There are 2 protein chains.
Amino acid sequence: MAKVKKQPRPKAEAPRGFRDYFGAEVTERTAMLARIAEVYHRYGFDALETSGVETVEALGKFLPDVDRPNEGVFAWQEDEDGAWVALRYDLTAPLARVAAQYRNDLPFPYRRYAMGPVWRNEKPGPGRFRQFYQCDADTVGAPSVAADAEICAMLADTLEAVGIKRGDYIVRVNNRKVLNGVMEVAGILDPADPSKFEAERGIVLRAIDKLDRLGPEGVRALLGEGRKDDSGDFTKGAGLDDVQAEVVLGFIDARRDSGAATVARLRELVGASETGRAGADELETIASLLDAQGYGPDRVLIDPAVVRGLGYYTGPVFEAELTFEITGDDGKPRQFGSVAGGGRYDDLVKRFTGQEVPATGVSIGVDRLLAALRATGRAEAQAEGPVIVTVMDRDRMADYQAMASELRTAGIRAEVYLGNPKNFGNQLKYADRRGAPFAIIEGGDEKDRGVVQVKDLKLGAEIAESATLDEWKAQPAQFECPRGDLVATLKERLTR
Amino acid sequence: MAKVKKQPRPKAEAPRGFRDYFGAEVTERTAMLARIAEVYHRYGFDALETSGVETVEALGKFLPDVDRPNEGVFAWQEDEDGAWVALRYDLTAPLARVAAQYRNDLPFPYRRYAMGPVWRNEKPGPGRFRQFYQCDADTVGAPSVAADAEICAMLADTLEAVGIKRGDYIVRVNNRKVLNGVMEVAGILDPADPSKFEAERGIVLRAIDKLDRLGPEGVRALLGEGRKDDSGDFTKGAGLDDVQAEVVLGFIDARRDSGAATVARLRELVGASETGRAGADELETIASLLDAQGYGPDRVLIDPAVVRGLGYYTGPVFEAELTFEITGDDGKPRQFGSVAGGGRYDDLVKRFTGQEVPATGVSIGVDRLLAALRATGRAEAQAEGPVIVTVMDRDRMADYQAMASELRTAGIRAEVYLGNPKNFGNQLKYADRRGAPFAIIEGGDEKDRGVVQVKDLKLGAEIAESATLDEWKAQPAQFECPRGDLVATLKERLTR
């Protein structure tokens, strides 16, 4: 072997924008995804796991918002044939490839779910990483809005299954076709020549998408001449007159007290537009299908104010919001907000086969939903540290290992301290760091007397915090127990 | 938006060497990993999930067997600063980086487990993919062989937890230090000048590593002058004389009837070598620690014939083998073989910090273990298809959805057929493809009479296969049941 030149030490750092997840950060997410998978499975969805790498050709035009090819993905050339491959940026593009590649073998409609990391070559920011999880469910090849209704019901079931209480969430449903109808009425969409007014419609879509941030007045300005933002930058508007703008604004403000009233209002707005009426019909069908299964407007609601994704989807659009309040960064309470979104889209498989295949699906924001579970104390912790069996006598390691083994057999997480046992203080410091509930001590004296010392570290911490002398005397944080009773004693204390 | 030029259709193909996993292929693996994680957790190991991307600098010299930098990994340059990053090729290199990066924050000894995909830029072959799963558990910062013994016990528990019966596996333990002692005795390792005979030792290590494939005679040839293989290629040997070769061969043949006898034989072989005696002591300690916890030689066995990894590890080396027989590619029965391996290694963190940190760990071959569970029918299937509610009347979709919803609420996997319902034959074909146990039919007539038709598709397939007319009459594969009894009827049939 050639001798290696002495090199400077490498930096021990994750690459910029990537992070590490420790302990409960991993297990809580795993537990949540397992619960989600269980619901998806029960709905007849099958798991699909594609690899992280796809050909650039199959990935297609990359992120919806980005024009330049290759922008936003991590790509490289294969050594052998120079083919470009890239890390997947979402789970939909691989689904499209799979639905095309296996079109003769898969059962259609193909219901599939997928969970896993995706990668984005974007500037990292606070809480914004270049690898993160997605969790999608899609139905490919089902033209009926029954498929959309099913996704909405499943989304509601999923949220409840992971621990979001009924009443703490709402799935809102809108429809791109209704918006198209509204744009026909506003005179910026001509069914006979869809290429006309493309620029105006683009501005309208982008304006509507900013409803949350700008409010109705900001959107109105963008529908008209344009708008100067706080920094003084001017954004050109769509140039609609007041009457036109009123029609468009009427759409996002069309929600009424009942689903039926909302649909009636939408019918007014779309007038004679065939597309618009089809969209209103679809919303009505979805609502009635869901009603029949017991998913009333307390869980799934027709709401034309759902605007995210209207530019991307082609029919029904859904969004799940958590309605309970959390404390925002500014210290004020605010609604938790969106944790999932989806809708119906065409052209999924068409890029590959030329054949149009209808598809509808939903994507859960894994990190956001997990944050919500943590905020409400509903993440499945599994975070308790192990019982630490300390080492008082190096030569009796076998006894300590056997003790830990006994505890584990009884289902108690346990380990022997395996660092240098010389300094007993270090052993207790380690137990603290591990969040251990108990440390077990068995020195020569205890061994002779057939007992062990148990340090209740949680209680010890509480006592150190606040206990009076009497309380401390009444329930000492360290006690002795017969060696034979150790498992039973810890078991009892751990479950109370 | 700029108009897009018409381009040829992209190929719907995964990149060369990457594959897709469907349905049970995914869920069986997930279930197996969950069981493994449970055991690791109980042993006090904490989850760690690093991202798929690391700096090339942190990854270091890449795969153990490869000399050229960058060889074997997928690497690319960052847009902004030109830094090289790469997909991880195993889970040990990221652990080294994490142990160094967080050395002041982590509790040491740091017990961690990790599960996830790794990537290798290698020529794909049959059953050999460029992305695959690894599942590792390591203890960093524990110098004592008690840590090695713990890994061996945990490995045995893990195999039983996933469904390998006791008696169907064995964890074999060897020690690199003993081999070093043997090489001292054979005169090819001089403790005073370890750089001498490096080439010879390299050849010896590679020769031993081929024991499985070449047998003792082949190894003996490689220890001596060399060996011509079947294709006529000559491999140069280490040039040992017969006496020297006998010592080395004595090592891999040192297993005796009991652990004590094996250790005694090893002590003979290593003579006065200090390193060799330390290695024998370690094996003895591991065996006695495990004995005390009830892991006898029926589960964990000292066996100097374990040669894989001896070139890589620095102390104890372990390998888990499944001992039951399967039918090999040649139609002959053979042992299933290795499913996990590991050992003790130094220098894990040293590259980054200059400080030597001892570490020991094990890696389970996820695909091999899963194949073993499938071979023995012990993979957790979750493979049953959903009950298919067929659509006889498009306008009654809400009823069908409600029916599926009812079944799901009772815990039965169920879905409504969402393709074009016109051709009923297609609905049944779909149910077949999904592996559905039942198809439910409720036309207008059934609706009026308050009943549903249930097609038992599994039974139907059996009958089509082999039933006599009488059998067919006695237990028809299609029957009618009151609508109100549907859930109870299916539940009863599914569990029997």
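A Cβ is built for glycine as well, from the same backbone N, Cα and C atoms used for every other residue.
Unlike curated records, TrEMBL annotations are generated automatically.
According to TrEMBL, the domain 'Aminoacyl-transfer RNA synthetases class-II family profile' annotation covers A:1-386.
The L-histidine binding site annotation in TrEMBL covers A:Asp90, A:Leu91, A:Thr92, A:Arg120, A:Gln134, A:Asp138, A:Arg308, A:Tyr312, A:Tyr313. Neighbour count (other Cβ atoms within 10 Å of the Cβ, all protein chains): 19 for A:Arg308 (L-histidine binding site).
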Legend entry - Proximal but sequence-remote residues of the same chain as A:Thr92 (L-histidine binding site) (Cβ under 8 Å, at least 6 apart): A:Asp136, A:Asp138, A:Leu348, A:Gly361, A:Ser363
Inset, instruction - Let me know the model's mean pLDDT on the domain 'Aminoacyl-transfer RNA synthetases class-II family profile' (A:1-386). - result: 90
Inset, instruction - Enter the number of other CB atoms within 10 angstroms of the CB of A:Tyr313 (L-histidine binding site). - result: 22
Inset, instruction - Let me know the DSSP-derived helix, strand or coil state of A:Arg308 (L-histidine binding site), please. - result: coil
